[in-house]
Amino acid sequence: MSEKQKKATAYWKENVRYLFILLSIWFSVSFGAGILFKNALNTIKIGGFELGFWFAQQGSIYVFVVLIFVYVRLMNKLDKKYGYNV
Amino acid sequence: MSVQVWTYLLVGITFTLYIGIAIWSRAGSTKDFYVAGGGVSPLANGMATAADWMSAASFISMAGIIAFAGYDGSVYLMGWTGGYVLLALLLAPYLRKFGKFTVPDFIGDRYYSNTARLVAVFCALIVSFTYVAGQMRGVGVVFSRFLQVDINTGVVIGMIIVLFYAVLGGMKGITYTQVAQYCVLIFAFMVPAIFISFQMTGNPVPQLGMGSTLNDGSGTYLMDRLNGLSTELGFEEYTDGSKSVMDVFAITLALMVGTAGLPHVIVRFFTVKRVKDARKSAGLALLLIAILYTTAPAVSVFAKMNLIDTVSNEQYSQMPVWFKNWEETGLLTFNDKNKDGVIQYVADEDRNELIVDNDIMVLANPEIANLPAWVIALVAAGGLAAALSTAAGLLLVISASVSHDLIKKVFKPNISEKGELWAARGAATVAVVIAGYFGINPPGFVAAVVALAFGLAAASFFPAIVLGIFYKKMNKEGAIGGMIVGICLMLFYMAKFKLGWLGEIPDKSEWWFGISPEGFGTVAMIVNFIVALTINKFTPAPPSQVQEIVENIRIPSGEGKAVEH
């Protein structure tokens, strides 16, 4: 494997690892907190919100937005590390 | 000034603005026409994507649907936003690096096959046409309610406006009008929401107002009062749904994956300069969408409370003017079954006397809350902006599929740049006329199919694109087989359980795995993946230059601009 290919493979591996972590969070806030564990979380109340309901109609959306911006930051750093930012 | 005058004024101003922008940003080349020259800034693209994405359904119908469905409505909120995470992480950056003009372009080149390209074109056309007919209908409804013109005249006016800027400006014209349309629609959605939130809870931020106590000095939380009222009237608790967990799960996933697979959304990411910009603009798009999507459930709660407070157990003769206005449109009906002159709004169908259409909740909300005339007019202008921006984006996908994917790539490869541009304009014109026809004579199944367009996109495009990027050894036999089996399975399930084309529609208890047709895209997508990977195992690997393409799109640098043809 050439030096160039090695670099590309290492970059891709780190990228996929980021995706795995971020998508796990994506799954847990929506399908986890908002759907599968909604009833259990609804016993907890914050202000006027039952927590499971809040995740389903508000919380998951905020987390989605944050996830994409975290990804943007991580990838910009990663691009720089491997010199792919030019 | 009356609502009518305000509406004419605001709609007139916004339409003039859209036309002005279209003239200023005419398309000079096919690259301008398909991808706005490939030089749109991430913020402009984020705004355009948000307007492109938020259709008449998001603006007009969604809050109303949630108001009546309560927790079950969460599938739309999570489904239509969560898809952007998939889009940003799994698709947009790589498709931008690939740097062509359309989704069938990617499928055709990545799977080195014109058959794959044609299957993709077919899927793109089905998805886009069903969707666009719904938009033209939305335009007609807003016109007829607020400007008192006939629905059909409304559709024709909408057609002319869209035709003007889509045909003249292509993607370039559409992008900059969508930026303006985003501003109009978000302002129009937020202003009444802020007013009402402040009225009901004293908190001007709707997202927080929803979880606050009522403004009446009782100290009761709004959500608790609504849950209480709902049970009193015999409905499910608002925060508790009636759909099964399995079905909610499947519908949410189908909507998410479908969102990520919709060609008119994906194509927006071909318009930015670099891979980096594609990622950033996906984030900005979701942020701008989230403003509306986190406000909508609050609007639902406010509207439901206001509605119950205004009508439940009140004298029919005492109803405010808006009640009579909406009765005339047929979207609100009162039938005094027990002849006591009082409105009974309850869950029990035999005793319930009031039927309220979902679409009223957003459109009538400002009137119900007694807001000033200009706010009511603003909502009309916002609804039009939402419908027109989405319609234009879809028309572009249709015209590019015909002029670029079919004519240029398959039937007449040596067509000149100028010829292709004219073919694109011609295809856009024909598409507007067909969409308008469906808007005026909606086939009975359109409304049902729009919701299922996501299932179709999930079942066809998403697996093919994801495998194309993340699995280097994925070959054309597998991808084509997966797409065909996926979309056919979805069409079959729709035909059997939703449209009743295969005899009587079977009872819910016969749904496979207890999953509704809306959620079946999830199953069809999984089947697509399985079929594709299985066929792939027994057929030859893709040629080495295709594997090199895949290695190349995984790396963000190099080739800064969209590849010229």
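Counting begins at 1 with the first residue displayed.
Here the Cβ of each residue, glycine as well, is placed from N, Cα and C on the backbone.
TrEMBL: automatically predicted annotations, no manual curation.
Among the features that TrEMBL reports, transmembrane segment is placed at B:6-24, B:77-95, B:116-134, B:146-167, B:179-200, B:248-270, B:282-303, B:371-400, B:421-440, B:446-471, B:478-495, B:515-535.
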Contact set, same chain, for the transmembrane segment (B:116-134): CB under 8 Å, 6 or more residues outside the stretch: 55-57, 102-105, 107-108, 262-264, 390-391, 394-395, 397-398, 401, 405-406, 409-410, 431, 434-435, 438-439, 442, 446-447, 449-450, 452-453, 456-457, 460-461, 464, 476, 479-480, 483-484, 487
Interface present between the transmembrane segment (B:478-495) and the transmembrane segment (B:371-400) (three or more C-beta pairs under 8 A): no
Recorded stretches the transmembrane segment (B:146-167) and the transmembrane segment (B:6-24) touching, at least 3 CB pairs under 8 Å: yes
Stretch in B:6-24, B:179-200, B:248-270 most in contact with the transmembrane segment (B:282-303), if contact is a CB pair under 8 A: B:179-200
Contact ranking winner - B:6-24, B:248-270, B:515-535 against the transmembrane segment (B:179-200), Cβ under 8 Å: B:6-24
Spatial neighbours of the transmembrane segment (B:6-24) far in sequence, C-beta under 8 Å, 6+ residues away: 146-147, 161, 164-165, 168-169, 173, 176-177, 180-181, 184, 373-374, 376-378, 380-381, 384-385, 388
